[in-house]
Amino acid sequence: MAEVTPRITAPYLEQFSHNIVRITGKVRQLRGEQATIDAAGSITVHLTRDSHLQLNHAVELIGKVQQDLSVRVLTATDLGPEGSIDFAAIDAIVDATHRYHEIFYNKGEQ
Amino acid sequence: MSYGGDYSTTSYGAQGGGGGGGFMPGSQPESGGAKRSYGKDTLRPVTIKQLIEAHHPNPDAEHFMIDGGETTQVTFVGQIRNVSMQTTNITYKLDDGTGIIEVKVWIDSTDDGATEKQKQLGEQAYARVWGRLKAFNNKRHVGANIIRPITDFNEVSYHLLEATAVHLHFTRGPPESLQAKGGASGGAANGAAGSFDQGVGGTKVPPSASMAARKVFQAIKESPQTNEGLHMQEIASRLNMDPSEVMKAGEELGSLGLVYTTVDDHTWAILDV
């Protein structure tokens with residue numbers, strides 16, 4: 001597994017295509033091996049057999065951004081009902097991650 | 001307000017029943033080997049990337065440098081990627097998205113709550129660590145005083161934002177507005193780096209200073225000058241201020257220890273510590 005997994009939201013997908021990233025979002029739709037999560041925008045994710053997503057739960061995914069900007073999940077961590085997670089804080093971290101990337105990831109290695 | 005104090009009360013207070021009892025014996029190797037004074041010890045919230053990149057002044061040094069600040073104790077969060085039981089310690093691999101580092105926790109056989117806590121620290125779980133960064137055989141690890149499971153995911157967000165705030169405090173100085181308000185987040189960040197304030201933010205005008213003093217300080221700081229500093233009249237003309245006002249501001253800055261008089265009582269230079 002990649003040592004560094006920058007936290008992103010939907011608007012960053014293009015910038016990080018073919019990279020392994022970390023996304024915290026809300027589970028919106030489950031369709032077998034595919035799901036839609038909301039992380040400042042809609043993201044289609046391809047699940048593994050052992051990723052157990054639940055509707056309206058918050059989830060933290062580590063996955064690889066594909067050519068079509070969907071995300072192939074490597075690991076998924078259920079964070080409980082989405083109401084218990086402060087998504088304003090999550091957005092603030094994503095912002096800080098890229099604004100002050102010197103303490104989060106090395107820019108240019110993507 | 002001492003950051004270390006805050007953390008020790010909350011963490012030990014909350015964890016006392018579970019694994020807190022193991023802390024005192026566990027910390028003995030640390031205190032035995034410590035030649036440095038504890039007054040200098042700081043506890044800094046960091047990302048794992050900062051630990052991996054921290055500058056080690058020399059191979060024997062007990063501290064590391066992060067953003068130009070001496071760092072001894074650190075606290076961070078991470079997701080457990082691997083747990084490895086050794087005879088004397090448990091080694092966890094922690095991943096916070098910015099890097100991966102090994103965390104070693106000494107096994108305390110007298111701690112009855114240890115196995116219960118151990119169960120919660122499985123792979124994929126998030127944990128918070130308090131400990132000391134160490135370099136051994138060119139490999140870095142953290143010798144942890146405490147590792148505990150994170151039950152509220154918002155703590156991860158909180159920690160990363162706090163680490164960012166402290167990093168910015170060190171690299172850019174405290175924002176004026178945060179200092180003046182002393183708001184919740186600003187208070188924490190300022191407190192965290194409080195012991196470094198004099199070293200890093202040496203030429204900051206305290207929020208209590210008057211507006212005139214601020215302007216005069218800025219003028220002296222920004223004007224080209226010899227080591228004799230700047231004369232009252234010149235500051236007055238630069239700032240369009242009344243000389244008597246400049247005089248008062250200069251005395252105020254002098255009493256705050258920010259400037260000193262040079263050739264006469266009306267010429268000041270920045271006291272750069």
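The first residue you see is number 1, and the count goes up from there.
Keep in mind that glycine also has a Cβ here, set from the backbone N, Cα and C atoms.
TrEMBL: automatically predicted annotations, no manual curation.
Record features (TrEMBL):
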| type | residues | note |
| --- | --- | --- |
| REGION | B:18-39 | region 'Disordered' |
| DOMAIN | B:74-142 | domain 'OB' |
| DOMAIN | B:167-266 | domain 'Replication protein A C-terminal' |
Item checked: Composition by DSSP (helix, strand, coil) of residues within the domain 'OB' (B:74-142) -> 7 helix, 41 strand, 21 coil
Item checked: Per-region confidence, the domain 'Replication protein A C-terminal' (B:167-266) (mean pLDDT, whole number) -> 73
